[in-house]
Amino acid sequence: MQILISCTLILALISPCFGSNDASYNVMNFSAVGDGKTDDSALEGKIVAPTKYSWVGDNKESLIAITKVDRLTVDGTGGLIDGFGSSWWPCKSCPRPSILTFKYCNNLTVHDFTVTNSPKSHIHVHGCENVTFSRINVTAPADSPNTDGIDVTFSKNVLIQDSSMQTGDDCIAISGGSSLVNVTGIACGPGHGISIGSLGKRNDTVEGVHVRNCSLTKTKYGARIKTFPVGIGCAKQITFEEITLVETRYPIFIDKNYGSYRSTDEEVEVSGVTFRGFQGTSFDGKAITFDCGQSGCYNIVLDQIDIVSSLPAKPACCSCNNAHGTVTSTVPNCSCLLP
């Protein structure tokens, strides 16, 4: 129990050591009780990271990293972490840290706090199992580079719910090695929508993802799957449903030619993907895009889709490249989907 308390309370004490990667604190000296009954897990107040120029050391993976802590609950009611990303964003090629990383933490619960202006992604979940994020508020400028809201990698049984994401990149990105991920009640925008991928560099697999009851407001993408045209892996058993769109540029998008790579004989398998219950507007009419590369996409389902263009001069349309599946009750017409 003492380990649990030490790692949770350090979130409230972390600001003095942001500039030093080697600092360590015994939170029992900061009024933590550790009796198995007292709640010592609260994150209170505002934490502001140092500027890029005050960063000490070469490790720029994360401002706050919590590793191998099970049964951890972070209650951030009233808490805010500001990553001071504006000092990092001008150099897009420079290593930049996330604000908060959880690695190999099982039975993790995080709720009710705000993270803002991260140098890179705001929250990264890696190698975790049985995870719940609730009522998380993420904010960053629309032009801030790579500022994903929540990144999920190599994790299982993850629930992200009832949260708001305003970012310069993906609101939520579910990447290689992840399975059984549920996303519900997310208000996304600005940003790049809710994405699966990118996949293909390391035999990546994502399966068993369910995204529902989300709103996408003036985002670049809506529901997106992105894979490199190289490598192997799969994205399958994925459902996006009950999605509301407001001037989303590319509401439904499968891109198997993501990135500047030449196509090879091996490609990531994309199959068993359902888009159901979408309604709203596409910014310039490109409502549905399936660019499925040489190996194709299979068992794609479009059902109860009603997307119109917000620009009368550019009617909503659907485009397909080697995409196979079924279409019912869909506007715009998507007759290019192959059997």
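Backbone N, Cα and C atoms are what each Cβ position is placed from, and that goes for glycine too.
Per TrEMBL, the feature active site maps to His192. Secondary structure at His192 (active site), as computed by DSSP, is coil.
Look at TrEMBL and you will find 1-19 tagged as signal peptide.
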Cβ packing number for His192 (active site), 10 Å threshold: 27
